[in-house]
Amino acid sequence: MKNYWNCSVSDSEMNLKKKQMQKNFKNTCDSVSETFVGSGIPSSTFGKNGDIYLDRTTQYYYKKNNCIWIKYFCNGYCCFKGCKGGFFCQKGDKGNNGNNGNNGEKGQKGLKGIKGDIGDKGSKGDIGEKGDIGDKGDFGDKGIDGNKGSKGDIGDTGSKGDKGDKGDKGSKGDIGDKGSKGDIGVKGSKGDNGDKGSKGDIGVKGSKGDKGNKGDKGDNGLSILSGLDIPSPDLGMDGDLYLDTITDELYKKINGEWIEITNLKGEKGEIGSKGTKGDDGNKGNKGIKGDKGTTGDKGDKGDVGNKGDAGDKGDAGKKGEKGEMGNKGDIGDKGNDGIKGDFGSKGYKGDKGSKGTKGNNGFKGDRGDKGDKGSKGDKGDNGIKGNKGSKGDKGDNGIKGEKGESGSSILFGMGLPDQNQGEDGDIYIDTLTGELYRKVNGLWVPEIDIKGDKGEKGDRGNVGDKGEKGDIGLKGDKGEKGEKGNVGDKGDIGTKGDKGNVGDKGDIGIKGEKGDIGTKGDIGNKGDKGDKGDIGNKGNIGNKGEKGDKGVKGDIGEKGEKGDKGVKGDKGEKGEKGEKGEKGEKGDKGNKGDKGNKGDKGDKSDKGDKGNKGDKGNKGDKGNKGDKGDNGDKGDKGDNGDKGNKGDKGDNGDKGDKGDNGDKGNKGDKGDNGDKGDNGDKGNKGDNGDKGNKGDKGDNGDKGNKGDKGDNGDKGNKGDKGDKGDNGDKGDNGDKGDNGDKGDKGESGSSCQIENNDGVTIMSVCTPGIASIQAYQYEITDISGLENPYDPSNISGLNFKLFDTVKGAFRTGNFTADNMTNVGINSTAMGYHTQATGSGSFSFGNNTNGIISSNGIGSFVMGITTSSGVIISEGDGSIASGYSTNSSTIEIQNNSLSSIIHGYSISGSSMRLMEGNIGSMIIGSSETGSIVQSGSGSIASLINVRATSGTISIGSMSYGSKIFGYSNNGTITISDNVHGSQISGIVTNNGQMTIGTLSHGSYLHGYADTSSTISIGTNSFGSECIGLAQNNGTINNGDLSFGCRISGWTLSGLLSTGSGSCGTILYGVAVNSGIINTSGRNFGCFVGGYCAYYGKITIGANSFGTICHGTADASGTILVGTNSTGNLVVGSSQGTISLGSTNFGSVILGYTENSGSIISDGNNRGIFMHGYSSSASLYTASGSCGTVLMGYGTSGSAINVSGLGSFTFGYCPSSGEITQVLANGSFAFGRNNTTVSENSFSLGYGARSYMPGSMAFSSFATSGNPLRAGSAQTIKVLTRNLNTEFVLADGNFPTLPYTGYGNIKAKIIGSSGTMSVLYFQVFFDGSTHTVTIPTTPAGGQIVYSNPVAVSPAPTFTPVATVPGFSVTIANPGTQTFVASFGIVNIS
């Protein structure tokens, strides 16, 4: 349902500035209405009669009549009209149509009154403070302690104290005090007075609104609409405003569309902090407490407790006969302290606890009627007059008021308004700042920032909400009914309280309780006699024994000497637990009971000294734990164990308990665990038979008969063994209760036991040193450290607080036996030995030599364990955290979902999340051979750890897992089949960082130092390995790993992809003999990088279609291995770029310098080499076929072809060689070529041919002799004439280097066309060349042509020179000549 306001002005607030503006308009008539928008109730200090105020936080609107703001709630279309004249007035007229807002009367229902009511109610809450006196009634609970005093005959009155127990119920009444606040809530009922708002009928005056009919004309002006959520497009007219009351977003309709203008919320709220003024409403919150006052009615139940006179039910106290054991309870004289319970008489005040009825005082909340002042809300009734405003419907005729549209408009914009914009009376809102302007006399005058101030009022509105809670306080009225005691009927249920009725008598008896204590003294006197009769030595000594506890320690000290034997005592740390054994010394108090001497026999239990190993074992079972200390033969714990020796006496004393069967032994027993000695007290029950003589109590003497049973109590000495059965004996006492009401007095004997009428809830102190609570749901046990839980024989535990009641389980500190053996369900364990095996368990810490364990679903474990300690959490969602040393283990075992380990484990320790730990995490440090492990199947697990000489690993099938860590001489491993996993870290000193086989898409990033390894296993597709490997470190991708990538830096290390890897990328830096390598049998892989100082970048053997790209510097090597096909090597080298042997169809491209080389090894087929060599070599090795070599060589470079059918071309300077033709059938083309293979050809400048069947065609050889010894060779040497002789390019003469003959054909051509052929022979004897000219043709010369113009014709004569040979020219004329010497050398 959307709410509509049709007003002349919107979204404007009034503050002091508005007051100033009102001064500017003070001459306007009251008929001029204005509309304001704000947060909270409008202040009466602004506005004029007829003005409209919209509270945007509540959707209420107010109209000012008679200088009072009247509240309305608009559920429909509300129109308010003002006079046509003035500013904003016409649109206000539409507001008159708001008379439909009569529905707003709902709002009138005391909303305002609620606020006032709340304040009044708060005053009532003050009365509730008196209820605090009812707390004194809690002292009445102390009166219950007085019941123990009932052991005195006077204790009968103590039963009245039971009524005091009902007073406890009265404590519930204390809660009722809060109910008194509820009384204030009653004022909220005055909010009902808000209903009086119906008086708004008086609002008939709204007929004035009829004038508003004229305002109907204003309808064409603007409408302010509101609703929940974004406005509907079909809602409203252009120029209308819409307020989203959920978001406080303000919209304006422009051209049929709703446009967001600004948000009225936000910053205003900050100012709203001022709203703290609404604190008065907070008192109304106290009224909320008044609801609790209803519970105070239960306090009335305490009244029913008066009925509790039937408290005769105290018969259940017959169990109190067990209280006869309470005679031993003479110790119960301490109950004399209960005398203080006399103060408990104040517990009568506890009756005041029924002051829950004081919630009745909440009736004072009637003062809340002052909230009737809220009836001012009745003025809101005037708003009802708006109902008459419905007559405004007639105003519909006033549509003519549309002319009034010229009245005022609400404009919006970003920034200051344009002075040419709008008309006088219009409103402009700057949507950037929330500042609102009004146009006056042609000027835009700033009025207020819409944001902010409203927020202040909004705070007040919040307080009003609290007042609504005060309405809840009405329930406090029900508390008044509680006075009627109707609620008290519920108290009837408190029949248990009937005993409490008796307690009423006890109220008087409370004072008597002091007497009761005295009576206890009387009984105590008798008891003294009885004690003596009983072998009171036990009792008397036992008392002294308490003092003797210290002395007992001295005795134990002697045994401590034996502890000296416990040199193993170094384990003495455990011995500290032995100090707890000193608590056993308290047992020694019993030792003062001469029986303690028997405890000395306990000393004979030097075998217990063996317990010294378990020094705690000396303490008796604790020493056994000491045996665990044997595990700590580190013996330090044993030292403490010496103290345990003292405890051993105590332990033997426990055995002494069994000795209780020997009455004397009873003395010793009591001395040891004197508490068990209390069981000996059962023997005292036999004594109680004597007391049966005392049977004055035996007035219930029937009980004395039971005393006969006490005779059996002697047998009961045997019963000492049945100490555990002692509780059962109490059951026997219950039988005594059957004997009669006198048993009620036995209830006073409850000095050792108090039982609730429900027969389920029992409080017992019958066992010395133990307070035992038995409850249907909740049990809290506080153990001094002298007894059970859960015996055999606890072995150095105790010291705890236990809550179980069918394994809701709770315990706090120390424990064992073995730490209470598998407690389980909903468990909590804290401090020292802890353990909580079970679902929902919680375990805390410090288990120095044992296990800290929370074995269960949702478990939590923390702690510190040393000396082979273990921290374990087995279960889903478990957390194990701690510090575990000396071969310790921190472990969350199988199938623990979302588990976490956080710990520090050293000395061979292990931290591991076992198999199936999905989403698990290990954070910590595992040192010295330790193992950190997340088991297999651990999906998305995380390990962040440091391991020294240890192992960090995630098991197989653990997808998406991560390891971040450091391993020194250890291993960081993600096992096989771990897809999408990641390792980041450092391994050093032979450490390993590995991802196992079949781990697809995995990522390894790290640093491997000192022979360490970073590797991804075989068959790991799409994985990546990045890192630094130095000092023989290795970064490696396993065999058959497709599409993987390795990148890194290696110093004397190795970066490599395994063999059989396809499409893998390997790039990096290898120095100091480092290697970047694809291991072989790689397909389509890429290797790139930089290698220096004997580093290598290599493609392994049997690789296909692989690319090797890099720089080999300072003796580095770039190499493609043997038997590879279709590979590409591209690089730069001051070392070697090499294509291994038996490569097919591969390509080498590169640059080599400084004695470097680019090489294609032998037996390669169809190889292409292309390079640049500076003082280096480019060559193909022998045995290669069909190789092509192209290159350029400088500074002594050599470009050589040694393969069959190869082709080489290039350039070398004079100091170098290009392409020595080293293989048969090869061809070299270039400069400074040499053919040294048969049937090959060398062509170029300075070409040479050395082998048979080969040929060199040389142009102007520059140095050396183009001929070489051997079989016949064909060489062409080009020469030119220098003056009259033919010389080589360097001016020297051709020579024959070896002895032998050279048959020469010289073909000479002149520049003018002369051509001649000469034949001659040269012989070289090793020092001198000799030329022989044949006779045919004459002179060996044939002249083919000599142009007529050349005359005389030149002639040519072969001659010998020094050294070598030449041809001289006669009549050269002006021609220049070249000569080609074709030489067949026969050597």
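The backbone N, Cα and C atoms fix where each Cβ goes, and this holds for glycine too.
Taken from Swiss-Prot as is:
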{"type": "COMPBIAS", "residues": "114-181", "note": "compositional bias 'Basic and acidic residues'"}
{"type": "COMPBIAS", "residues": "189-199", "note": "compositional bias 'Basic and acidic residues'"}
{"type": "COMPBIAS", "residues": "207-219", "note": "compositional bias 'Basic and acidic residues'"}
{"type": "COMPBIAS", "residues": "268-340", "note": "compositional bias 'Basic and acidic residues'"}
{"type": "COMPBIAS", "residues": "364-382", "note": "compositional bias 'Basic and acidic residues'"}
{"type": "COMPBIAS", "residues": "390-405", "note": "compositional bias 'Basic and acidic residues'"}
{"type": "COMPBIAS", "residues": "454-535", "note": "compositional bias 'Basic and acidic residues'"}
{"type": "COMPBIAS", "residues": "544-747", "note": "compositional bias 'Basic and acidic residues'"}
{"type": "DOMAIN", "residues": "95-154", "note": "domain 'Collagen-like 1'"}
{"type": "DOMAIN", "residues": "344-403", "note": "domain 'Collagen-like 4'"}
{"type": "DOMAIN", "residues": "450-508", "note": "domain 'Collagen-like 5'"}
{"type": "CARBOHYD", "residues": "Asn6", "note": "N-linked glycosylation site"}
{"type": "CARBOHYD", "residues": "Asn794", "note": "N-linked glycosylation site"}
{"type": "CARBOHYD", "residues": "Asn814", "note": "N-linked glycosylation site"}
{"type": "CARBOHYD", "residues": "Asn819", "note": "N-linked glycosylation site"}
{"type": "CARBOHYD", "residues": "Asn826", "note": "N-linked glycosylation site"}
{"type": "CARBOHYD", "residues": "Asn846", "note": "N-linked glycosylation site"}
{"type": "CARBOHYD", "residues": "Asn886", "note": "N-linked glycosylation site"}
{"type": "CARBOHYD", "residues": "Asn969", "note": "N-linked glycosylation site"}
{"type": "CARBOHYD", "residues": "Asn1077", "note": "N-linked glycosylation site"}
{"type": "CARBOHYD", "residues": "Asn1200", "note": "N-linked glycosylation site"}
{"type": "CARBOHYD", "residues": "Asn1224", "note": "N-linked glycosylation site"}
{"type": "CARBOHYD", "residues": "Asn1232", "note": "N-linked glycosylation site"}
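Positions of Swiss-Prot features highlighted on the structure.
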residue: Asn794; record: N-linked glycosylation site; DSSP (3 states): coil
residue: Asn814; record: N-linked glycosylation site; DSSP (3 states): strand
residue: Asn819; record: N-linked glycosylation site; DSSP (3 states): helix
residue: Asn826; record: N-linked glycosylation site; DSSP (3 states): coil
residue: Asn846; record: N-linked glycosylation site; DSSP (3 states): coil
residue: Asn886; record: N-linked glycosylation site; DSSP (3 states): coil
residue: Asn969; record: N-linked glycosylation site; DSSP (3 states): coil
residue: Asn1077; record: N-linked glycosylation site; DSSP (3 states): strand
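Here the candidates are the glycosylation sites Asn794, Asn826, Asn846, Asn886, Asn969, and by Cα distance the one nearest Asn819 (N-linked glycosylation site) turns out to be Asn794. Each of the glycosylation sites Asn814, Asn819, Asn969 was scored by the number of other CB atoms within 10 A of its CB, and the lowest score belongs to Asn969. Here the candidates are the glycosylation sites Asn794, Asn814, Asn969. The one whose C-alpha lies nearest to that of Asn1077 (N-linked glycosylation site) is Asn969.
Comparing Asn794 (N-linked glycosylation site) with Asn826 (N-linked glycosylation site), their Cα atoms are 23 Å apart once rounded. The Cα of Asn814 (N-linked glycosylation site) lies closest to that of Asn846, out of the glycosylation sites Asn826, Asn846, Asn886, Asn969. Considering only the glycosylation sites Asn794, Asn826, Asn1077, the Cβ with the fewest other Cβ atoms within 10 Å is that of Asn826. Closest in space to Asn846 (N-linked glycosylation site), of the glycosylation sites given as Asn826, Asn886, Asn969, is Asn886, taking the CA atom of each residue.
Taking CA atoms as the reference points, Asn826 (N-linked glycosylation site) and Asn886 (N-linked glycosylation site) are 31 Å apart.
Here the domain 'Collagen-like 5' (450-508) has a mean pLDDT of 41 out of 100.
Distance noted between the C-alpha atoms of Asn886 (N-linked glycosylation site) and Asn969 (N-linked glycosylation site) is 19 Å.
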